[in-house]
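Chemist: What follows is a structure written as structure tokens; I'll ask about it next.
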Amino acid sequence: MKKLLLTTALAALATGAQAEVKVGMITTLSGGGAGLGLDVRDGFLLALAQSGRDDIELVVEDDQQAPDIAVQLSDKMIQSERVDVMTGIIFSNLAMAVIPSAVNQGVVYLSPNAGPSQLAGRGCHPNYFNVAWQNDNLHEAAGAYANTAGYTNSFILAPNYPAGQDALTGYKRMYQGELAGEIYTQLGQTDYAAEIAQIRASGADSVFFFLPGGMGISFLKQYADSGVDIPVVGPAFSFDQGILQAVGAAALGVVNTAQWSKDIDIPVNQAFVESFSAEYGRLPSLYASQGFDTANLLISALEKADPSDNDAFRAALRDADFESTRGAFRFGNNQHPIQTIYAREVVQEGDVFTNRIIGVALEDHADAYAAECQMP
Amino acid sequence: MSTILIIEQVLNGLQSGVMLFLMAAGLTLIFGVMGLINLAHGSLYMVGAFAAAAVAGVTGSFLLALLAALAAAAAAGVLVETLVIRRLYAADHLDQVLATFALILIFSEGTRLIFGSFPLYLDIPSWLSGPVTLPGGIQYPLYRLALIGAGLAVALALWVLIERTRIGIQIRAGENDREMIAALGVDISKLYTLVFALGAALAGLAGALVGAIQSVQVGMGEPVLILAFVTIVIGGIGSIKGAFVGAILVGLTQTLGSVFLPVLFRLFLEPATAMSLGASLANMAVYILMSLVLIFRPAGLMGARA
Amino acid sequence: MIRESYLNAALLAGLLAVPLYALVVDEPFTITLATRAAILALAAVGLNIALGWGGLVSFGHAAFFGIGGYSMGILAFHAQNFVPLDLGIMVFDGTKSMPIIWLVAVLASALAALLIGLLSLRTSGVYFIMITLAFAQMFYYFAISWARYGGEDGIPIYVRNDFPGLNTLVPIQFFGICFVALLLALWLNARLVASPFGLALNAARQVPVRVQTVGLDPTRLKLVAFVMSGAITGLAGALFADLNRFVSPSMFSWHLSGELIVLIILGGVGRLMGPVLGAVMFVALEHWLGGLTTHWHIALGAILLGVVLFARGGLIGLLCGPRGQT
Amino acid sequence: MTDNIIETRGITKSFGSLKASDDISIDLRAGEIHAIIGPNGAGKSTLIHQICGGLAPDAGQVLLGGQDVTALTTAARARKGLGRTFQISALAMEDSVLENVLLGAMGASGRPWRFWQAIMGDRSLRERAEAALERVGLMDQRHIRTSALSHGQRRQLEVAVALTLDPRAFVMDEPMAGLGAEGSKNLTGFLDGLRAQAPILLVEHDMDAVFALADRISVLVYGRIIATGSVDEIRTNADVREAYLGEEA
């Protein structure tokens with residue numbers, strides 16, 4: 001990382017150009033969620049390198065997935081580094097700790113992953129852009145997919161914390177059938193035997209779960225071993241490239257929802273998948289695609305305006321005049337994406353587990369909070 | 001709620017209880033014999049899981065993976081004991097807490113340095129996968145039954161080791177009277193290393209066994225560590241029997257609490273509140289259990305010393 | 001060996017000089033770091049009263065830090081969102097005023113310390129360590145699922161709270177508030193140690209049986225110390241929340257309890273300025289090592305090990321000789 | 001009703017199958033030194049613990065000045081006038097000598113709940129503490145760290161702390177232990193004068209000291225008092241010679 005920074009700086013020196021734009025990235029590079037942050041960072045760096053621009057200086061810091069450290073780093077970025085643009089935060093609770101205060105201090109924030117509802121509705125802000133999704137989106141898509149798949153009796157579960165509560169709300173917003181059961185699990189829980197037994201006894205025809213990170217791995221392994229064969233639906237988080245290899249065959253055939261997949265057949269995406277794999281020796285994940293798109297959005301706006309001209313820069317960002325790896329991409333009034341969300345299925349290619357698109361779950365979908373946002 | 005479901009949940013509680021016992025036994029042994037609070041015990045659990053995942057990835061053999069876990073955790077235990085821990089026996093609890101807290105930092109970051117930040121893959125062997133049908137028509141995963149069996153077997157083996165062997169006599173002597181071991185002509189520092197390695201191996205074994213149905217990742221030992229401490233405090237620190245009773249109690253409280261508390265609250269609260277409140281209380285249940293035990297029995301259920 | 005009083009004066013002067021220098025060279029982030037160090041030091045000064053003088057190894061002081069933080073979070077949340085706080089017996093608009101927030105934080109954490117202390121002091125040794133940890137974990141899990149105040153997400157406070165006559169958003173002014181709070185706590189601590197109560201508490205730690213035979217109840221002495229300790233750590237929690245303009249359950253986490261202990265041992269247990277030196281070192285290491293490598297925890301771990309193994313008595317013990325030498 | 005300062009009535013205490021105190025009734029009268037002797041493991045420490053608090057008897061009562069204190073804590077008994085010294089010095093080793101006696105003076109004053117005032121500035125406490133140091137001859141050492149005192153000086157300090165309490169009775173657990181011949185002789189002389197201030201219940205192994213000091217002696221063997229009497233009576237008591245001296249010899 002340090003090396004890459006250095007090369008950009010050297011390049012800047014060589015051309016005699018002053019680094020004009022300073023971007024601060026606070027992301028999770030250590031702790032349980034480090035895989036996500038690494039992917040966002042690497043996707044972002046890849047896009048910067050491909051743009052060939054040497055006037056963008058990127059400062060990367062590790063938030064250790066701790067809100068108070070994220071806040072401290074944000075103070076450092078704004079007070080000491082004096083960045084123009086910030087990005088990188090993975091987790092909603094960290095986002096809520098950093099973003100409101102940062103955008104109020106005049107920094108433009110581009111979210112490559114977290115999209116808490118508070119920032120999409122009444123708390124929307126002209127300096128805040130979400131390039132991934134509003135948190136509910138993928139859950140809503142899962143609910144919509146459950147309807148098309150003909151499920152009428154879902155068992156739903158998520159950890160007992162705000163993102164988990166939002167997940168179940170999001171699913172229920174679109175899903176039209178009955179609920180066979182609804183459970184909140186413990187955050188960080190590793191054993192799901194009790195929940196699986198309840199699922200088995202519930203008579204459900206489908207299971208929806210949102211269990212990010214290690215929780216999802218544990219759940220899927222135990223679910224596959226339990227012999228319960230009720231089909232499972234979930235948002236992409238537990239089926240993404242980074243953790244699928246750790247879940248293994250237990251995930252095969254599971255349908256999950258995402259706004260991106262490596263088999264979206266458009267040139268920009270195929271080029272991204274190829275160059276990412278070549279550069280880093282692993283397949284890109286959802287998070288990598290989001291990091292990549294975030295950087296490209298930023299570059300597209302920089303082509304049109306200078307960050308010092310705040311209004312013009314924000315207008316250029318709102319245009320979203322870039323080629324997204326997920327195809328069509330535009331912002332709604334609350335500066336959150338309006339996009340298509342796909343249903344994917346986990347498949348095995350050779351000895352690698354990955355996803356394949358099986359259909360569209362929601363077409364041109366905006367989030368449920370946009371109407372509450374006062375911005376036009 | 002059917003009887004079958006209740007029996008199944010009791011089995012689940014039992015299973016998490018016996019795995020917890022593997023952790024707690026080592027912890028309580030180390031405290032009982034050497035008087036050491038070892039916060040790094042969870043790191044040894046993690047070492048076991050990572051060693052197992054690495055070896056299973058190369059050889060494909062689950063048994064080899066278990067052996068590797070035992071060996072790696074024991075080796076890590078011996079290394080840490082000789083380099084750091086043995087200087088702490090005479091120190092007060094405060095120094096022990098700090099030093100082993102430092103070891104957690106080193107182990108976690110070191111593991112990340114070697115294995116990276118993505119979770120590793122470790123799966124149940126095919127000969128233990130899938131459910132079996134128990135009497136009464138209960139479908140229950142074979143692997144979890146195997147875990148219960150393995151945990152009880154280890155508990156039995158430990159009991160035999162401590163009650164019936166020469167080393168056991170030395171260990172018991174160490175718990176009661178240090179001068180007596182010296183009088184028995186035992187090399188104390190060797191005995192301490194052995195006990196520490198034994199505790200570490202048990203933790204490593206637990207990590208590998210549980211790793212097969214969970215996520216093998218950095219930091220996986222910390223939640224287990226805290227639960228293991230709760231367990232030995234409930235049981236009475238230094239008592240293996242106490243650790244066993246405590247582990248089963250904690251396992252059952254956690255499992256049954258998370259299942260039945262929301263159901264219970266639904267009797268007099270609206271469903272959403274009941275679910276959320278029940279889940280929060282289930283999270284706190286083991287800690288409440290521990291406080292209650294300590295308030296009424298300040299040295300734990302089977303603790304000898306106060 | 002250096003005279004402890006000289007070292008203490010130098011430390012305070014340094015903690016004051018660094019942010020002032022940063023102000024001159026316009027490095028506001030350094031002021032933020034110094035503020036963080038001052039607040040962590042304040043929290044550890046609180047813990048040191050229980051741990052250093054009372055001999056109570058509390059592994060659950062995050063409970064009080066968190067209660068202080070949530071006192072700030074809840075009061076400011078209601079004030080900033082114009083949602084009155086309905087307490088059943090009375091309705092309160094919330095407040096953005098620091099002095100009121102501090103009062104609430106101190107009272108709430110003192111009350112919690114009284115309850116936790118009453119129950120925990122029935123035990124001793126490892127059992128005490130673990131039961132305090134258990135109480136903090138209860139608060140942690142409660143906060144995580146307390147949906148009304150953001151649960152795991154916590155409560156963002158958009159603008160720092162007010163202090164009469166100051167602009168708290170200016171880093172150096174907020175540092176001043178925290179520094180003065182730290183000085184007051186240190187002064188209180190120094191007076192306490194020299195008082196009849198301090199003498200009795202110090203003896204209760206060393207030889208409880210002696211304290212009993214002169215007719216005093218060591219458990220009551222320790223309980224009072226525990227309450228004061230919790231109250232000071234609670235005040236630090238409220239300031240920490242204001243520094244970050246954010247409160248979350250991580251303030252209750254066992255890592256934080258561990259870190260507070262680390263600060264004290266790093267500096268020197270039962271030394272007036274031990275927590276201050278520990279906090280300054282910790283923040284400096286975190287910033288400096290963290291800037292060098294993402295794997296800085298390894299180096300931090302090694303340094304802590306070094307202190308335990310080779311510098312018993314912490315850095316002050318290393319510089320000024322063992323405790324209690326006059 | 002009685003001029004017994006300390007009295008036990010039928011104290012019984014068992015640990016498992018071991019009877020450490022078996023129906024013990026003894027008393028301490030004003031102005032006397034009452035020594036309790038017995039072989040190791042006879043239950044002397046157990047008896048002291050029950051008299052001073054910290055160990056509750058299974059049956060029987062402890063009275064202090066005629067008042068039943070069996071249910072009271074150690075601290076409460078101390079406040080009622082029990083001054084105790086320990087076999088193994090129980091002193092705050094990190095503190096100075098003066099601070100240790102100040103603790104006693106403060107305990108006697110009953111006012112530890114002062115958080116702001118400096119204890120060194122409290123004249124009345126200081127006078128009381130220094131008077132006690134003066135009496136045991138440790139005044140010159142008052143600013144020394146207690147851990148730096150010699151063994152004999154620590155024993156003197158133990159006595160000084162008890163003196164600050166101005167108790168109605170002393171309970172001393174082997175005050176001569178570890179003192180040399182010279183030290184024992186000095187302390188013997190000191191205790192001899194002390195009985196006029198308050199009676200002493202003395203547990204001691206040093207027979208020379210016991211025979212020199214005691215007004216009465218009780219002999220404790222296997223948890224039972226087998227004899228109580230004057231020095232001469234005990235010297236000539238057949239049971240004692242058989243059970244106690246015979247075993248020692």
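Each residue, glycine too, has its Cβ placed from N, Cα and C.
Note: TrEMBL annotation is automatic and uncurated.
Below, the features straight out of TrEMBL:
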| type | residues | note |
| --- | --- | --- |
| TRANSMEM | C:6-25 | transmembrane segment |
| TRANSMEM | C:37-56 | transmembrane segment |
| TRANSMEM | C:62-79 | transmembrane segment |
| TRANSMEM | C:100-121 | transmembrane segment |
| TRANSMEM | C:127-147 | transmembrane segment |
| TRANSMEM | C:168-188 | transmembrane segment |
| TRANSMEM | C:223-241 | transmembrane segment |
| TRANSMEM | C:261-284 | transmembrane segment |
| TRANSMEM | C:296-320 | transmembrane segment |
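Each of the listed features needs to be described in terms of its position in the shown structure.
Modeler: Using a Cβ-Cβ cut-off under 8 Å and counting only residues 6 or more beyond its ends in the same chain, the transmembrane segment (C:100-121) has close neighbours at 56, 60, 63-64, 67-68, 71-72, 75-76, 128, 131-132, 135, 161, 219, 222-223, 226-235, 237-238, 242.
If one looks beyond the transmembrane segment (C:223-241) by at least 6 residues along the same chain, the residues whose Cβ comes under 8 Å of a Cβ in the stretch are 36, 39-40, 42-43, 45-51, 53-54, 56, 58, 61, 63-73, 101-102, 105-110, 112-114, 116-118, 120-121, 157, 177-178, 181, 185, 188, 192, 197, 201, 247, 251, 260.
For the transmembrane segment (C:261-284), the list of distant contacts is 4, 7-8, 11-12, 14-15, 33, 36-38, 40-41, 43-45, 47-48, 51-53, 57, 59, 182, 186, 189-190, 193, 304, 307-308, 313-317, 323: same-chain residues at least six beyond its ends, Cβ to Cβ under 8 Å.
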Chemist: Based on Cβ pairs under 8 Å, which of the stretches C:6-25, C:37-56, C:168-188 lies most in contact with the transmembrane segment (C:296-320)?
Modeler: C:6-25
Chemist: Cβ under 8 Å to the transmembrane segment (C:168-188), counting only same-chain residues 6 or more beyond its ends: which ones?
Modeler: 12, 15-16, 19-20, 23, 28, 31-32, 34-35, 38-39, 41-42, 45-46, 98, 159-162, 232, 235-236, 239, 242-243, 272-273, 276
